[in-house]
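Visitor: If you look up TrEMBL, you'll see Ile10, Gln11, Gly12, Arg25, Thr68 marked as substrate binding site. Residues or ranges marked as domain 'Radical SAM core' by TrEMBL: 16-213. What TrEMBL lists as [4Fe-4S] cluster binding site is Cys29, Cys33, Cys36. Residues or ranges marked as S-adenosyl-L-methionine binding site in TrEMBL: Tyr35, Cys36, Asp37, Gly70. What TrEMBL lists as Mg(2+) binding site is Thr38.
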Amino acid sequence: MKVNEIFFSIQGESSSIGLPTIFVRFTGCNLRCTYCDTKYSYFEGDPDTPQGIMEKIRNYPIKRVCLTGGEPLIQPRSEMQELLDLLYAEQYEVSIETDGSVDISKVKLHNKQRFILDMKVPSSGMSEKMDFENLKRIIPERDEIKFVVGNREDYEWSVQLIREHGLDPRKGYRLIFSPIFGEISPRDLVEWILADHLDARFQVQLHKIIWDPQQRGV
Ligand SMILES: C[S@@+](CC[C@H](N)C(=O)[O-])C[C@H]1O[C@@H](n2cnc3c(N)ncnc32)[C@H](O)[C@@H]1O
Ligand SMILES: Nc1nc2[nH]cc(C(=O)O)c2c(=O)[nH]1
Ligand code: SF4
Ligand SMILES: [Mg+2]
C-alpha cells in the first residue's frame with residue numbers, strides 16, 4: 001500500500017462530523033475531479049503495510065479511523081481487506097471515503113465499518129465514470145451517499161439520481177449534500193434542499209472553517 005499522510009484531527013465531513021478521528025490518506029487516484037482539494041495525494045507517499053499502518057494508528061488515543069485519499073479502494077485489495085480485518089479486531093470504528101467509480105464490493109466490511117460513497121456530479125468532470133451498480137451494493141442504514149455540488153445543474157443531477165434509483169431516506173438511505181468549497185453559496189444549497197423537502201444532511205467541510213483551507217494534515 002502507499003500512504004500519503006496519517007494524522008489526527010476532527011472529522012470534517014459525513015455523519016461523524018466533529019468527532020476526533022485518525023485519518024489515513026492513501027496515495028493515488030483513478031479520477032481527476034476539477035475541484036479536488038487533495039491533488040498532493042496523487043503521487044506523493046511512502047510504501048507501508050497493513051501492520052505498519054496499525055502501529056501508527058495505535059499511537060493515537062481514539063478508536064475512530066477514516067480511510068481516504070486519493071482513492072482508498074484502488075490500493076491492493078488483499079492488503080485493504082487485511083487492514084479492515086485488523087481494525088475490526090481492535091474495535092475501531094471505520095469510515096471509507098470512496099469516489100463512486102470503484103466496485104465497493106471488492107472489500108468486505110465488518111461491524112462499525114461503512115462507506116461514504118461520493119457520486120460525482122457533472123461539474124466534477126467525472127460523472128461519466130460513476131459505477132451506478134454501487135447504489136445497489138450499499139447498505140442503506142449503514143452507508144452514506146454524498147453529493148458535492150457546485151451549481152444548480154449539479155444539484156438537479158443529484159436529485160434526479162436520488163429519485164431514479166429510489167434512494168429514499170424513508171427506506172433508510174442516508175444522503176449528504178456538501179458545497180464545493182468556495183464555489184457555491186452554502187445558503188443557496190440549503191434553501192434548495194429545504195424547498196424540495198429533501199430529507200438529506202447538509203454539511204460544510206468543518207476543518208476548512210477551523211483551519212486555513214489550504215492546510216494539510218487537518
Ligand atoms: C479528497 S476525497 C478522497 C476520497 C475519494 N477519492 C472521494 O472523492 O470520495 C474526500 C472527499 O473530499 C471531497 N472534496 C474534495 N475536494 C473538495 C472541495 N474542493 N470542496 C468540497 N469537498 C471536496 C470529495 O468530494 C470527497 O467527498
Ligand atoms: N478534518 C478532515 N476531515 C475529513 N473528512 C474527510 C476528509 C478527506 O479528505 O477525505 C477529511 C480531511 O481532509 N480532513
Ligand atoms: S476522486 Fe477524490 S481524491 Fe480523486 S480527484 Fe476526486 S476528490 Fe480528489
Ligand atoms: Mg479532505
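Along the chain as shown, the residues are counted starting at 1.
Glycine residues also receive a Cβ, built from the backbone N, Cα and C atoms like all the rest.
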Visitor: Comparing the binding-site residues Gly12, Cys36, Asp37, Thr38, which residue's C-beta has the most other C-beta atoms within 10 angstroms in this structure?
Guide: Gly12
Visitor: Identify, in sequence order, the residues in the chain of Arg25 (substrate binding site) that are 6 or more apart from it along the sequence and have a CB within less than 8 Å of its CB; answer 'none' if there are none.
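Guide: Within the chain, Arg25 (substrate binding site) has Cβ neighbours under 8 Å at Val3, Asn4, Glu5, Ile6, Phe7, Thr38, Ser41, Thr68, Gly69, Gly70.
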Visitor: Which of these binding-site residues has the least crowded Cβ, counting other Cβ atoms within 10 Å: Ile10, Cys29, Cys33?
Guide: Ile10
Visitor: For a quick check of packing: other C-beta atoms within 10 Å of the C-beta of Gln11 (substrate binding site), how many?
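Guide: Summing over all protein chains shown, Gln11 (substrate binding site) has 19 other Cβ atoms within 10 Å.
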Visitor: Among the binding-site residues Ile10, Gln11, Gly12, Arg25, Thr68, name every one whose Cβ is found under 6 angstroms from ligand 1, counting any of its atoms.
Guide: Thr68
Visitor: Around ligand 2, within a Cβ distance of under 6 Å, which of the binding-site residues Gln11, Gly12, Cys33, Gly70 show up?
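Guide: Checking each Cβ against ligand 2, the ones under 6 Å are Gln11, Gly12.
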Visitor: Given the binding-site residues Thr68, Gly70, and counting only Cβ atoms in the protein chains shown, which has the most within 10 Å of its Cβ?
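Guide: Top count of Cβ atoms within 10 Å goes to Gly70.
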Visitor: Around Tyr35 (S-adenosyl-L-methionine binding site), which residues of its chain at least 6 apart sit with Cβ under 8 Å of its Cβ?
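Guide: Correct list: Ser123, Ser124, Val148, Gly150, Ile180, Phe181, Glu183.
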Visitor: Just the number: how many Å between the Cα atoms of Cys29 ([4Fe-4S] cluster binding site) and Gly12 (substrate binding site)?
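Guide: Computed Cα spacing between Cys29 ([4Fe-4S] cluster binding site) and Gly12 (substrate binding site) is 21 Å.
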Visitor: Rounded to the nearest angstrom, how far is the Cα of Cys33 ([4Fe-4S] cluster binding site) from the Cα of Ile10 (substrate binding site)?
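Guide: Cα of Ile10 (substrate binding site) to Cα of Cys33 ([4Fe-4S] cluster binding site) measures 24 Å after rounding.
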Visitor: Taking the recorded substrate site as Ile10, Gln11, Gly12, Arg25, Thr68, identify the other residues of that chain whose CB atom sits within 8 Å of the mean position of the site's CB atoms, giving them in sequence order.
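Guide: Surrounding the site, in chain order, are Ser9, Glu13, Thr21, Phe23, Cys66, His207.
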Visitor: List, in sequence order, the residues of the same chain other than Cys29, Cys33, Cys36 whose Cβ lies within 8 Å of the centroid of the Cβ atoms of the recorded [4Fe-4S] cluster site.
Guide: Leu31, Arg32, Tyr35, Thr38, Lys39, Tyr42, Asp99, Ser124, Met126
